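Reading through the C-alpha cells given below for one structure.
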Amino acid sequence: MAAKKVAILGVGQIGGALAHHLVLRNLCDELVLVDADPRLARAQAADLRHSLGVLGGRTRIRSGTYYDCDDAQVCVLTVSANPAPNAPRLEQLDRSATTVGRIVPTVMATGFSGVLVVLTDPSDLMAWLAHQLSDLPPERVIGLGTSLDVARLRSHLAEVLDTDPAAVEAWVLGDAGEEPVIPWSQVRVNGNPLPETLDREAVANTAADTAYNLIQGKGSAAFAMAAAAADIVDAVLCDRHKTLCVSAALHGEYGQDDIFLSVPAVIGSSGVERIVELELTPEESRHMDKAARELCQYMIDIT
C-alpha cells in the first residue's frame, strides 16, 4: 500500500491547526508543510514532531516546498483562507485569485495528480478557479464550501434541542458566505423532523451571528475550519465514501452546470464520487438558482 502523504500549502493559523488535527488523528504517513515563510514551516513541523513525544505515532513531519506535492495523495491549499473582517468580497476575491493563480500552476508542474482541497476564501469561487488552472478532473478538486455553516447550524440546533450535534442531520447549500440555502424540510434530529414550533429564522440568524462574532473576537474560525478540512482529507485517504457538505463541480445536479456550489457529496479516494441531490422546495430551488447566477458573475470578474 502506498504511503499516505499530505501537503499543506500555507501553515499559519488555519494550516497549522489542520496539521495538528491530522497528527492527532494519525491520518497520514507523511505530512509536508509548505509556506511562503520557510522559518514558519520549519517551526510548525518541529513543534508537531515534538508533540509525537506525547501523543505517539509514526507520522513523518517535515517542512518542504511545492515540489513535494508531486506524489502527495492530497494537497490542501489554505493560503488566504482567512478573510479580513468586513472586507469587500471583490477585494478578497482579487487577492485570493492572485494567490490561487500563482500556486496551482506551480503545484501542477510537479506532476501532482491527487486530490486538491481548497480552503482559500471564497471557497466556491476559488475551487472553480483552481479547477480551471489545473489539469485535474473536476472530481479531484474540492472546496471547503459551507462545511463551517453546516457545523455551526448543527451545533446550534443541538444546543437548542438539548442533544448531541452528531444526532443532527442538516445541510447548508449554495454559496458559502453569501445567503446560503438551508433546506429545513431535510433537517432531522435523532431521525425525526424538526418541531413545527421551532423558530427556524432565529436559529439561522443566531448561527450567522455566531460566525460574525467569532471572526471579530479571534480573527478566524481556525479550529472548526481545520476539523472540517481534516474530515475531507480523512474521507479521501481512507476511502470513506462519506457524505460531506463541500464545494463540488456540478454537471446538471440541482439544475446547474459547470459551476462549483456547496452541496452534499460522497467523498472517497478519487475525490467527489457523486453529488447527493436533496429534494428542495420551489423557494429553496430559486435561492440555489440565485446563488449560481451571482457566482457566475464573479466567475466572469476573475477570468
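Note: Cβ is positioned from N, Cα and C throughout, glycine not excepted.
The candidate list D35, D37 contains one residue that TrEMBL assigns to the NAD(+) site with G10, V11, G12, Q13, I14, G15, namely D35. The least crowded of the binding-site residues G10, G12, G15, judged by other CB atoms within 10 A of its own CB, is G12. With helix defined as DSSP H, G or I and strand as E or B, the domain 'Lactate/malate dehydrogenase N-terminal' (5-143) counts 68 helix, 25 strand, 46 coil.
Of the residues the record lists as binding NAD(+), namely G10, V11, G12, Q13, I14, G15, D35, the two whose Cα atoms sit farthest apart are 12 Å from each other.
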